[in-house]
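A quick write-up on the structure given underneath.
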């Protein structure tokens, strides 16, 4: 088996990802930089060829010879309108060779031209090497994914790229199909299911509707926007900060490629941060002409900057539903794919569109496709492990799950590394005569005694008819579903009386007491946050007032309307305040307010004289928004009677 491992590769437009199925589960493999996704970039320099992170990191220094987006060229003719329109936006050169596009670069001092298949094969080679480094032996067999709308020539070209990379391509499968396999949606055994896959990646947006019946996948409809993705959101942030830099420093950095590239990298990082935090800060030293650029952005502002792009994702969803002749109520499963679906606003729009339906997002969205491809690869290699046989191969239970029996002994019902979903039932009985009820305490862990394991929850089954010890039969069932949500049910066989508990979120489980304690701490922190928020708000108000006053008196249109002395007075005071701000970023709220009053005393008389008492321009403080309330990251334990 070891030498015959097959891998699954998600060959993406902007990023690629590789996974392998072994030891009964899928491993998504990290590259040498520790990243689980690798940029689909290839760069050519005077001395070497770079692939992946190394290529993307030097793109600012070497844009003409850094190739990306090969997936937009593969299997297309040079005259294809898509190729013609994309060419306008690429920094590298695309040439025509017998109506086939080729990418022209300078490599080791010579001009070279490569077919898109060759560029893609370099990325595939990189993915193959990443897998080999992890597995410790050569790998040849692979399943590679393509968008559902790829035509035959694009599929064949992708397969050729695999062959060039030295891979035996077992199969080319559709990305949405791979994502559905990752979530085990083909194994629910519930008859025909309609699945909508919402795939918002780095460069493209695809909506697919699949019908799955008895393991057979049928693509019913595809829609989307081949030029909408994470990079567009980055661009909005870049433009926003270019404008901010103009406002603050009166300089336009948009023509300086290196500055824009550094800004873009910081924006991409900030965007990722905003999926989990409500505010992100950017710190770029010496961005342009020696000026350091330190700033921040809130999630709300980011959502506003991209609101039209986010909303536009729903149109293809409607189109796909129309084409599939389905109503939104007829969709059984919604699956999120692509890193950009981590954005909370995108999730909310989709969820609201489907009237609050749950989204499948327990697998990392940028890894779901490679995950499914790895599963498919294992099946095609005839992997006989029981996990693949009834492959609801979602995951495994990381720790044994069981309950406490007499004397504090841990009795495991579900052993660690069992494939989930799974269901186990065992009969227990009472410990003493006429015992009226039993306390079911659910634990996870490998130790023999429950006191050394982790308590997940407990519930009581009462109303057991009086009987000698050992007579009552209490049936306990542990049932974990594909998302790792555990349901424990206890039933008294004689009366049919039952009680259950649901434990969700197997990561960092917390007991009720801990949650309670955290709620109280959060209240305390909230008060501290409030003080901090007001402080930042006062600082921002002062800063923007100072900059506004400065621009007001420097306005060309005011030449001659304001005396040089007055102008100097305002500018000096503004400069003094701005310098003070830079030196005292951590001052208290009242200090900022005091400075503001000082500045107003200087500026107001001059500005009001200037506008004949019409009042100066407002100060428009940008109040920084702090994090919103509880984030619901703890587990929820619901008791059901």
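These residue numbers are counts, starting from 1, taken along the chain as shown.
Every residue, even glycine, has its Cβ placed from backbone N, Cα and C.
Remember, predicted model here, so these are calculated numbers, not experimental data.
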If Swiss-Prot is the reference, give me the range from 592-616, 617-641 marked as region 'Disordered'.
617-641
Look at the binding-site residues 12, 203 and tell me which residue has the greatest number of other C-beta atoms within 10 angstroms of its C-beta.
12
Using Cβ atoms only, which residues of the same chain lie under 8 Å from residue 77 (N6-acetyllysine) while being at least 6 residues apart in sequence?
83, 99, 100, 101
For residue 272 (ATP binding site), the one of 108, 246, 348, 469, 561 that lies nearest, given that the modified residues are compared by Cα
348
Report the nearest neighbour of residue 275 (ATP binding site) in space among the modified residues 108, 246, 348, 469, 561, comparing Cα positions.
348
Can you tell me which of the modified residues 108, 246, 348, 469, 561 is spatially closest to residue 203 (ATP binding site)? Compare CA atoms only.
348
CB neighbours of residue 469 (omega-N-methylarginine) within 10 A?
12
Mean pLDDT across the region 'Substrate-binding domain (SBD)' (394-509), rounded to an integer, is what?
78
Candidate nearest residue 12 (ATP binding site) in space, where candidates are the modified residues 108, 246, 348, 469, 561 and distance is Cα-Cα:
348
Rounded to a whole angstrom, what is the C-alpha distance between residue 15 (ATP binding site) and residue 348 (N6-acetyllysine)?
25
